[in-house]
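Report on one structure; see the data block that follows.
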């Protein structure tokens, strides 16, 4: 009997080899490891060090098999299948079975009997394989080796060295996948052990993966340690809500409380990895300030205290206030909502409030960005995928730092560079640690000079690479703050034929774009200005007409609210601190006659609202996020039942509110929203050209001044990290970055305090002298001691003052 292995064939038919395993012939692609060939036949060879995404090392020797013609058993995880090879596993060979029993006995000699208290107990490969491939008793009578435990690898990862079997999974992940030197094998022989670098700071965003892939309980998570047993938990597949990567994950919970998250196995997206933020930042949904009941102003007094009320009463008050302001109402929806919720906001704005004043971009943005999204991104699903990054002849990044802003994109780019030699270029002020890990190349640029740099790339070596089929240009949301930046990126893509991808920072932004939560776009990427597009939406929504005039963007909505042009605001999940001037946002809310807020937790927005509706976190509702690729990532509620808080999905709240206003919204469930979106489909008409915005060029600062640049670090002061102190403990130290000449100009040395200031505030941090353009200053935008929007009231690209000292 002969079996043929299924193979992902990209180019042509791979060369095959045929071997025999346990008496059965199988044909596999040349280069396949014996252990993989056995897996294709359903034969499970025990192993510890082997992992399909790590390079083979043969460290544990547990996978020994007998190979005909060899003098001794071979490790199947390092042995490559060859033509006519005859392999016998433990199922048919006494030699292989005896060898595996011997290795297991050796591994257990010093392993402690911690199973009753070990976090890995119940899901431990060592425990399971000791039962299936080990002895029933031990012949070892000497004292076991012991170590002091645990050792803090970081604030959130603990190491029990005496449990370690030296499989090197964690160290290989550190070196091969993350590129972070945070854990290594130390000493030799009987003294060999896993340890950390004493002189290297722990700065990995991916350390939690070592806990998950550890085949024993040597590495454990601080937050989960001694909290539960695997067999006590209910596991639910879910999707990460923290960024646009779209990671699959598993949520483990008990009695209505989430206890841990693990990376899900999705080869097309995150493979088997996730970042530490996605793994551990979930306690925000159970903080004491979670809203559990609708709130209204006491006695209807706009200055009265917020008091609890019934859903029906809150609906009646909100409906009355919004109906009175119909046609003079704006909708602000943050980038964290699901695709279905964003669709409900977009539909509610148009048919219930009669306005196109809606925007999901609760952050610095521009009209150029809206044009770019309409022309190049909306309605174009999967134009670039994760797989495309691996096979691209070149990847160009602009306005985007993947390690901080989309960690799984970073891991895939690092894999592309390391395994496939894909060159990665970035247009940025300086080379980051992430760029070095991707073996990337810097195109050093002053903030504001990105359009000129992009235009220059059209000719030359990089332009030639971009003209190669499959080349990719990735732009981040920060490029929206550079006049002409997105226009130049689109122009370069048109000139070279490179594919264009947009990676926002938040999980819900791409879905909100596709749902039509923009002042110039309808669902499916339909241009509002197109009469046919409006007619299609009218037919789907069973209405006579839609408001045709382009609406205001988020900044315009807030400005109109501040001068009382708008009489009411409907706000869902925005953070004023994400805007360039948070004080202006709060002032606009204060000036608005009637504010309805849909929110998970109390905030500066709910403090100013007239009606507050509690909404559910992602663990308690169904929905979908659309990741940066345009891939739909659906999920069901992990937590169900009477123990949950009273929040509802945004779309359910809006559907009920529309009913109270005499309008049938038709989205009471996610299924109803998805059916409507599927019926609408993607716009197949003409997309707008552009954008075509002229670049203004970088501003020229004087002595003692600098152009501000920066981005948000992955681990920062974001509200979705609230309640997770261990994760906050590994956030990177905030610094001010200056060039050597600029630091010398203001009299600051490396490590000394530097103050960055505007007329409205200042930030003082240690100086990190960096190879970057002169009179440019870099700050983390939302880290401890450096919340730029709140403290300076400006955003990147602005001129700020710099000086030595506090």
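Don't overthink the numbers, they just go from 1 along the chain as shown.
Just so you know, glycine gets a Cβ as well, placed from its N, Cα and C.
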In Swiss-Prot, the [4Fe-4S] cluster 2 site includes 164, 167, 170. Which of 118, 214 does it also list there? 214
So if I measure Cβ to Cβ from residue 275 ([4Fe-4S] cluster 3 binding site) and keep only same-chain residues at least 6 apart in sequence, which ones fall under 8 Å? 205, 206, 208, 242, 247, 407, 408, 714
Listed binding-site residues (63, 124, 170), ranked by Cβ neighbours within 10 Å, top entry: 63
For residue 60 ([2Fe-2S] cluster binding site), find which of the binding-site residues 115, 164, 167, 170, 214, 243 come within 10 Å, Cα to Cα. 167
By a 10 Å Cβ neighbour count, the lowest-scoring of the binding-site residues 115, 214 is 115
Note the Cβ centroid of 111, 115, 118, 124, the recorded [4Fe-4S] cluster 1 site, then list each other residue of that chain whose Cβ lies within 8 Å of it, in sequence. 112, 113, 114, 120, 121, 126, 127, 163, 216, 217
Integer Å value for the Cα distance linking residue 49 ([2Fe-2S] cluster binding site) with residue 167 ([4Fe-4S] cluster 2 binding site) is 4
Out of 49, 77, 240, 243, which has the highest number of nearby Cβ atoms, where nearby means within 10 Å of its Cβ, if these are the binding-site residues? 240
Do you know offhand how many angstrom separate residue 214 ([4Fe-4S] cluster 2 binding site) and residue 124 ([4Fe-4S] cluster 1 binding site) by C-alpha? 9
Nearest recorded site to residue 111 ([4Fe-4S] cluster 1 binding site) by CA-CA distance, among binding-site residues 63, 77, 164, 167, 243: 164
Using Cα positions only, nearest of the binding-site residues to residue 115 ([4Fe-4S] cluster 1 binding site) (63, 167, 243): 167
